[in-house]
Amino acid sequence: MPDTIFCPNCGERISARARFCPSCGASQEEYAVDAPPKPAPPPPSSGLWSAGGPDAPPVPRVEEPPAEPTRRDPEPPTPAPRAAEPPAEPTRPVAEPPTPRAAAPPAETRDPEPPAPADPPPMPGDAPAPQAAAAPARDDAPLSADSPPPRAAAEFSGLIRERLALPGMVAAAVAAAIAAGIVLVAGLVIAVVAPENSIIGAAGIDTTVFKEMFRQAVGTQLTAMVEEPGLLVSGTRRIHPLVLVAIPLGALILATRSQLYRTEGASPVARLGWASLVAVPFAVLMLVFALIGGASTTRISPSPAGAFALGLLWGALGGMIGAATKLPLDTLTARLPEKPTRAALAALRPLAVVLAICTVVGTAGWLIQVGRDAGSVRLQRSAPTALVEEALFAGEHGINLTALAAGARFSADGDGALGLPFPVADANDLPGRGGTFRVFAYADALPAAVFIPALILLIGLVTLGALYAGFAAARAVAASSLQSAALWGALTGPVWAITMAFLVVLAGGLFHGDADDTSVFTVFLLGGALFGAAGGALAVSAQEPASFSS
């Protein structure tokens with residue numbers, strides 16, 4: 001006898017011992033008469049089941065009328081399935097004629113078991129029945145977490161990426177064009193306003209206003225203007241003040257914000273990436289501006305390589321800032337390490353205060369010396385022109401004075417007082433061996449009544465700033481032990497060193513002194529770590545008396 005058969009009602013493969021079809025619920029006993037060729041096997045089996053009387057007993061049992069009502073007794077529980085299946089009625093006339101076979105001993109012996117048809121699902125002998133019952137619902141079954149996404153969802157996400165690619169590139173190109181246009185207009189204004197007998201106006205000597213417009217536009221991003229070899233913003237090539245970099249940076253931020261609507265529908269991280277892509281077309285436009293600016297007989301020539309590289313730098317920075325100020329980047333910022341980020345930001349705030357104070361002091365000193373024309377610092381410039389121009393170089397004065405107060409090494413990048421970080425009358429006697437000097441070299445160039453108070457003020461300002469930076473860093477992470485507080489406070493060293501090294505590179509120009517980048521990094525790394533660790537230890541020491549008194 002086979003292990004499986006097919007349900008006569010629905011055709012599903014089921015167990016040969018099943019009384020009900022797990023798929024359609026049809027009773028298999030009703031359809032047992034549909035196989036007339038099977039009477040041959042039943043005689044031996046009927047003889048086997050009637051072992052008590054092999055000859056005479058089967059005859060009276062076949063004619064026994066009560067067998068039929070007993071077979072129909074279990075049918076009342078299942079009127080609903082039979083009534084719900086109209087196809088079963090045409091086969092019912094076929095099932096009634098062979099009543100003698102239906103009353104065979106096999107059916108009699110199985111009659112005691114039918115009282116359990118009320119719960120057919122838990123049939124112990126039918127192992128594949130649960131699988132067959134689950135088969136029709138496999139299309140509606142929920143996907144597991146490890147299963148791959150449906151094909152339709154994958155195709156939809158791919159379609160979204162394809163649809164956002166073109167708008168993202170268009171947004172980057174349009175934002176770059178807008179920013180470059182703003183920069184070009186600013187270059188025209190500078191070319192018209194700046195006189196030729198000035199540091200900034202030197203870009204327009206021996207050329208037309210049209211070419212000077214492109215030179216000044218490229219110069220706003222701190223592009224080197226002198227033909228001497230060097231790096232992007234080398235200390236002997238740039239002639240534009242640091243404050244002018246706000247023009248391309250601000251233009252990029254505003255232009256990027258205005259084009260963010262084109263990438264709606266993408267994730268914030270993807271939109272941030274599209275925003276930073278503005279750097280590529282912007283750098284290409286800056287390269288074109290530098291080539292149009294051309295060279296002149298005064299060795300003033302915008303560096304095409306420098307214009308392209310700085311266009312990439314400011315383009316990426318401006319694009320990301322513009323997008324970050326408008327997009328919700330909580331998921332991105334959540335990935336940053338919380339404690340190091342808080343400690344670094346806390347350590348940078350005192351440095352910003354130190355830079356601001358040094359900028360005010362340094363700019364005031366420069367304006368006083370320019371008014372006195374100490375050491376011919378005006379350099380053939382009129383007094384109003386020199387005063388206005390040196391006020392524009394306030395950023396360079398503040399950065400250089402901060403590095404000078406920390407003890408960093410400098411060298412003069414020009415003849416006379418204009419090549420020093422702070423101008424003095426005896427400028428040529430200031431540099432020491434090898435043309436380098438530190439803050440103590442000003443002891444003989446300035447009156448003692450000016451030098452000593454200024455030295456105490458500047459060194460004390462940097463020292464107190466580093467101490468408070470370490471104190472703030474330890475407080476920001478809630479350091480509880482003395483060792484951990486000192487370690488968090490020592491983070492001031494690398495944070496200040498990296499920041500000051502970057503600022504010194506930006507502040508380097510054709511005049512106003514040239515700070516040694518390595519010296520600046522080393523001084524702020526070691527000094528910041530030392531005083532920062534002390535400040536962190538003070539943070540814990542200040543907490544202990546408070547907790548003891550409470």
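Each Cβ is built from the backbone N, Cα and C atoms, and glycine gets one as well.
Remember, it's a predicted structure, so these values are computed and weren't measured experimentally.
Annotation comment: TrEMBL describes 61-75 as compositional bias 'Basic and acidic residues'. The feature domain 'Zinc-ribbon' is assigned by TrEMBL to 6-27. According to TrEMBL, the region 'Disordered' annotation covers 25-152. Under the heading transmembrane segment, TrEMBL lists 170-194, 239-260, 272-293, 305-325, 346-368, 448-473, 485-508, 520-540.
Note on the domain 'Zinc-ribbon' (6-27): DSSP counts are 0 helix, 6 strand, 16 coil. In this chain, the transmembrane segment (170-194) touches the transmembrane segment (272-293); three or more CB pairs sit within less than 8 A of each other, excluding pairs fewer than 6 residues apart. As a whole-number mean, the pLDDT of the domain 'Zinc-ribbon' (6-27) in this prediction is 78. Within the same chain, residues 171-172, 174-176, 178-180, 182-183, 186, 190, 199-200, 202-203, 216, 219-223, 225-226, 271, 275, 278, 282, 314-315, 317-319, 321-323, 325-327, 389, 392-396, 399, 506-507, 509-510 sit at least 6 positions outside the transmembrane segment (239-260) and bring their C-beta atoms closer than 8 Å to a C-beta of that stretch.
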